Amino acid sequence: MAQGRDGGNPFAEPGELDNPFQDPAVIQHRPSTHYATLDVYNPFETREPPPSYEPPAPVPIAPPSAPPLQSSRKLSPTEPKNYGSYSTQASTAAATAELLKKQEELNRKAEELDRRERELQHAALGSTATRQNNWPPLPSFCPVQPCFFQDISMEIPQEFQKTVSTMYYLWMCSTLALLLNFLACLASFCVETSNGSGFGLSILWILLFTPCSFVCWYRPMYKAFRSDSSSNFFVFFFIFFVQDVLFVLQAIGIPGWGFSGWISALVVLKVNTAVAVLMLLVALFFTGIAVLGIVMLKRIHSLYRRTGASFQKAQQEFAAGVFSNPAVRTAAANAAAGAAENAFRAP
C-alpha cells in the first residue's frame with residue numbers, strides 16, 4: 001500500500017510518504033510566497049526589511065516679489081525728482097545754464113536797445129525842447145538854476161560809462177580834497193600865524209578850481225565820449241595834463257602856496273602834532289588823487305587811440321564848428337563887406 005501511495009518509489013523517506021500535504025499535487029496548488037493572492041496575503045509574513053521611504057521631490061515655489069523700497073525721506077513739492085541717470089541730469093543742468101546765459105545776454109541787449117530808443121526820441125524831439133538842465137542839482141527854491149544836462153546812462157555809450165563815471169568821482173574827490181585842505185590850512189593858521197598867506201590861497205583854490213575843473217576838463221571829456229569828438233578830446237588832454245601837474249604840486253605842499261602837502265605837514269609837525277596829522281591825511285588824499293589822475297589820463301588816451309580819432313579830424317571838427325556858428329558867420333560877412341567897401345572907396 002505504501003508502495004502504491006508513493007507511486008512505486010522505493011527510495012522515498014518514510015516521513016515524506018506519510019505526510020499527505022507533501023503530495024506533489026497539493027504542493028503545486030499551494031500559494032507561493034512570491035505570488036501571493038489577495039485573500040491569503042499576510043503583510044507580516046515577509047521577513048525582508050521594508051524599502052526606505054523616499055519623499056516626493058519638492059515642487060519649486062517662486063519667491064514672492066518684494067515690494068519696492070520707498071525712501072523714508074519724502075520729497076518736498078519743490079524738490080526735483082530723479083527721473084534719469086547722472087549723464088541725463090548733467091546734460092539737463094548744462095542746457096539750463098546755457099539758457100540762463102542766453103537770457104542774461106538778451107536782457108543786456110534789451111537794455112541797450114531801450115537806451116538807444118530813448119536817445120533817438122530825444123534827438124527827434126529836439127535837445128532843447130525835452131532836456132532840462134539837471135546839474136548842479138540845486139533845490140527848486142534856489143534862484144540859480146542848473147547849468148548843464150548830464151545823464152551818463154543815457155548819453156554815454158555803454159563801453160565808456162565806467163570811464164566817465166570814474167572821472168566824475170575823481171572830480172568830486174578833488175573838490176572834497178580842496179575843502180579838507182581849506183580846513184587844514186585854517187588849523188595851521190590858528191597854531192602858526194605866519195601861515196596866513198597859505199590860508200588865504202586855500203580859499204582862492206577852492207573857489208577857483210572847483211568850477212573851473214568841471215568846465216575845463218570834465219565837460220570836454222564828457223562831450224568827447226558822448227559824440228566821439230576829437231576836438232573835445234584834445235581840449236581834455238591839454239587841460240587835464242595841467243590838472244595832473246597841479247595834483248602833484250598839491251601833494252608836495254610847498255609852504256606858502258596854500259596846499260597842505262607833505263612838506264607843509266612836516267613843517268607844522270614841529271609846532272603842533274594834531275594839526276600836522278590832519279595835514280598829513282590831506283597830503284595822502286592829494287597823493288591818491290594825483291596817482292588816479294595820471295592813470296585815468298593814460299587810460300583815456302588809449303581809448304582815444306582805439307576810436308580812430310586824429311588831429312586832422314579835430315581840425316575838421318573845429319573848422320566846421322566855427323563856420324557853423326551864426327555869430328562867426330555874421331562877423332566874417334561884415335568884415336568881408338567892409339573890406340570890399342573900403343577897396344571901392346580907395347582912390
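A Cβ is built for glycine as well, from the same backbone N, Cα and C atoms used for every other residue.
For 1-89, the entry in Swiss-Prot reads region 'Disordered'. According to Swiss-Prot, the feature topological domain 'Cytoplasmic' maps to 1-170, 298-347. Per Swiss-Prot, the feature phosphothreonine maps to T37; the stated evidence is similarity to another entry. Summarising the annotation, Swiss-Prot assigns phosphotyrosine to Y41, Y53, Y83. Feature annotation from Swiss-Prot assigns compositional bias 'Pro residues' to 49-67. According to Swiss-Prot, the feature transmembrane segment maps to 171-191, 197-217, 247-267, 277-297. Marked as SUMO1 cross-link by Swiss-Prot on the basis of similarity to another entry: K313.
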> By a Cβ-Cβ criterion of under 8 Å, what residues six or more beyond either terminus of the transmembrane segment (197-217) are in contact with it?
Replying inline: 171, 174-175, 178-179, 181-182, 184-186, 188-189, 235-236, 239-240, 243, 246, 255-260, 264
> Could you give the mean pLDDT over the topological domain 'Cytoplasmic' (298-347), rounded to a whole number?
Replying inline: 62
